[in-house]
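Single-structure report; data block below.
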Amino acid sequence: MLDHCEKVCALQCVRQPSPSGVLRVQEITRCLIYLCGITLRMDDSADLIESLDQDVLIGNYSADSQNNTCLLGRPERLDLDQPPRYSVPLQGYFSPVLVFLTIINNSLVCIVLLKPHMRSPTNAILVAMALSDMFTGLFPVPVFLYFYATERYYEWVPYNWCFALSVFRVHIPTIFHTASIWLTMALAIQRYIYVCHSFKARTWCTIRNVVIGTIAIYAIATISQISCFFELRPVETFRKSVLDPNKTVSACILEYRPWVRQHINLYYSTYFWSRVIFIHLIPCVSLVVMNALLIYAMKKAQQRRMQLLRQNKKSESRKLKESNCTTLMLVAVVGLFLLVEFPLGLLMVFVILDKAFGIVIIHAETVQ
């Protein structure tokens, strides 16, 4: 038996134009799952749809005068938006352990690289990258432990968690991740200047300039996400508990702000295309080019080092070897970066093409 809000929501699915027969039942069944959080067997769905069709004909529930929040959409529930088969083990158990190890490793990196004799422009950027990666993982941990590691993952998201959920799980980590991407690109550019334009490096690549650049990167990364903090407004509603149907629990519906709702396609197209171009495409292409140039410079340096060894200039050869080791480390860092970011950028392009232009390259279930 559906409660009032579930019935209002289900009627929205029934009223949508769709093919007749079995296809219509399948479409409405999917709508009931994703819009209303109602899961039924196919036979039960067919009976429910027939009953709701009668309500539509008679005129029952034509308006929601009892609870306006029923018309705003489905309350937030994590298990309906992400597949539990992967989300629970990865984010509930694996991610907190991984973040714990990351905090230890990156803290040690910062302690070592901030020692007086280790301070250099390259190490300053490495410290900023270590902090960015650490905070990218650290902020979502409270959400992972509270929801994904417990049965709350299957319950409606409480109203008092609604805003915090998106802020800690998505927005703040995205700021730090964006900063990490641009810091990686800054490190590659700095290393290229060191290797290929060593005289200019003395004036351009200073610790002061690195600090100014890092602050600018964090500021721009924050600005790039600032609208996301204000695009949705949480609205409190109440639903039957998923875990205990005899209880009524607080739930949260995210409603678009008027300025987003009026220009929703333009807003999200602009946001996601700017992310693809400035946070994935340009950095990835730039880093591929930089990596190629650095590998070429390393080969030239290796040839020069062999010449120095033959001339018995061991001190110069040793300095060149140390420089090559630093460059090789950067090539490895950039390679790992591209391994993750390039597929992520492609996936985001596929999602945009699907949402904006209806071009389906990967089905929604596979994307999840």
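Glycine too: its Cβ is placed from the backbone N, Cα and C atoms.
Curation plays no part in TrEMBL annotations; they are all automatic predictions.
The transmembrane segment annotation in TrEMBL covers 93-114, 126-148, 168-189, 210-232, 277-297, 328-353. Residues annotated as domain 'G-protein coupled receptors family 1 profile' in TrEMBL: 105-368.
On the 0 to 100 pLDDT scale, the model's mean across the domain 'G-protein coupled receptors family 1 profile' (105-368) is 86. For the transmembrane segment (126-148), the residues of the chain that approach it from at least six positions outside its boundaries are 78, 87-88, 91-92, 95-96, 98-99, 102-103, 106-107, 109-110, 113-114, 157, 161, 164-165, 168-169, 172-173, 176-177, 179-180, 183-184, 187, 210, 214, judged by C-beta separation under 8 angstroms. Non-local neighbours of the transmembrane segment (328-353) in the same chain are 181, 184, 187-188, 191, 269, 272-273, 275-276, 279-281, 283-284, 287-288, 290-291, 294-295, 298, 359, 361-362, 367; each lies 6+ residues outside the stretch with a CB under 8 Å from one of its CB atoms.
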